[in-house]
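K.L.:
I have a structure I would like to understand better, so I am pasting it below and will then ask my questions one at a time.
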Amino acid sequence: MTDSTPLSSAGDRHFDGLAEKFAGSLYGGPRGELRLALLDDLLPRLLDLDGQPLLDVGGGLGQLSAWFARRGHPVTLLEPAGDMLDQAREALDGLPVSFVQAPLQALLDHAPGPWQLIACHAVLEWLSDPRAAFATLAEGLAPGGQLSLMVFNRDALRMSNVVKGNLQKALDDRLEGTGKRQRLTPISPLSHAQVVAWSRECGLSIRGVAGIRVFHDYLRQPPASEDDWQRLVALERRYCQAEPHWRLGRYLLYTLTKDEPTNEERAP
Ligand SMILES: C[S@@+](CC[C@H](N)C(=O)[O-])C[C@H]1O[C@@H](n2cnc3c(N)ncnc32)[C@H](O)[C@@H]1O
């Protein structure tokens, strides 16, 4: 396995040189198809959408930006990796999307907002300090603004390691990747408990949560037919917000809103 480009100076895994691999390994297969099918259902249910401008942080190849832009939202896609950005530019040609090459940590300088709507999907797990990044996202939101946050679920990663027979790794709790190789194992998988704690610290409220791929990643064998695939999609849709299943989704999808200042905080 070859080394990919080094981590950024902040210790994050920017996806420079990984655009092809990312497109193929995630969006090119059933996992990506399922993620997009679930987002299609969940985003309109979890978010109040009225065409407000969206900041897509770590927007990658732009699939999520495209989803919003096609529904009438002007989108700003912020992404540090040049080749991801180039591919996104090409794919989103003709849609109302502008592109900013910068990391999340520089968001307040490059796209200060404040924003009524921010999306940050599958990014925090690639950062060396996801807690600081979470605080920056909260700062970029306007009061009452919504953050659509998707994170790679540490509890699901433990479960899938056990299911695969990686028992010692699970027992040692050595779940995170190093980010130093081309393998796409996140360096900072997160738990629901962390998201709850950080939300409190940053004045955000969790308005909704769902698990993305609550069954698919634990299957012993892939669906044998198109009919079985459709049954799996129906099961994922039915149980993605149901206890206890959402908690073991490979990703956790949240809607967080920034609390409005109280009258006391507003007073001069
Ligand atoms: C797994 S991809 C997710 C892309 C997209 N949000 C999606 O859901 O398809 C992770 C993205 O985060 C980007 N990234 C890594 N470090 C970042 C940082 N410090 N700030 C913003 N984006 C970052 C990577 O370059 C990559 O495009």
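Keep in mind that glycine also has a Cβ here, set from the backbone N, Cα and C atoms.
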K.L.:
Among HIS73, HIS110, HIS121, which residue does TrEMBL annotate as binding S-adenosyl-L-methionine together with ARG35, GLY58, GLY59, GLU79?
P.N.:
HIS121
K.L.:
So if I measure Cβ to Cβ from HIS121 (S-adenosyl-L-methionine binding site) and keep only same-chain residues at least 6 apart in sequence, which ones fall under 8 Å?
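P.N.:
In sequence order, the residues whose Cβ lies under 8 Å from that of HIS121 (S-adenosyl-L-methionine binding site) (at least 6 apart) are GLY58, LEU64, SER148, LEU149, MET150, LEU253.
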K.L.:
Other than its own, how many Cβ atoms are within 10 Å of the Cβ belonging to GLY59 (S-adenosyl-L-methionine binding site)?
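P.N.:
Other Cβ atoms found within 10 Å: 28.
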K.L.:
State the three-class DSSP label for GLY59 (S-adenosyl-L-methionine binding site), counting H, G and I as helix, E and B as strand, and everything else as coil.
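P.N.:
In the DSSP reduction, GLY59 (S-adenosyl-L-methionine binding site) maps to coil.
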K.L.:
By the DSSP assignment reduced to helix, strand and coil, which category contains GLU79 (S-adenosyl-L-methionine binding site)?
P.N.:
coil
K.L.:
Of all the Cα pairs drawn from ARG35, GLY58, GLY59, GLU79, HIS121, the residues the record ties to S-adenosyl-L-methionine, which distance is largest, in Å?
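P.N.:
Across ARG35, GLY58, GLY59, GLU79, HIS121, the two farthest Cα atoms sit 20 Å apart.
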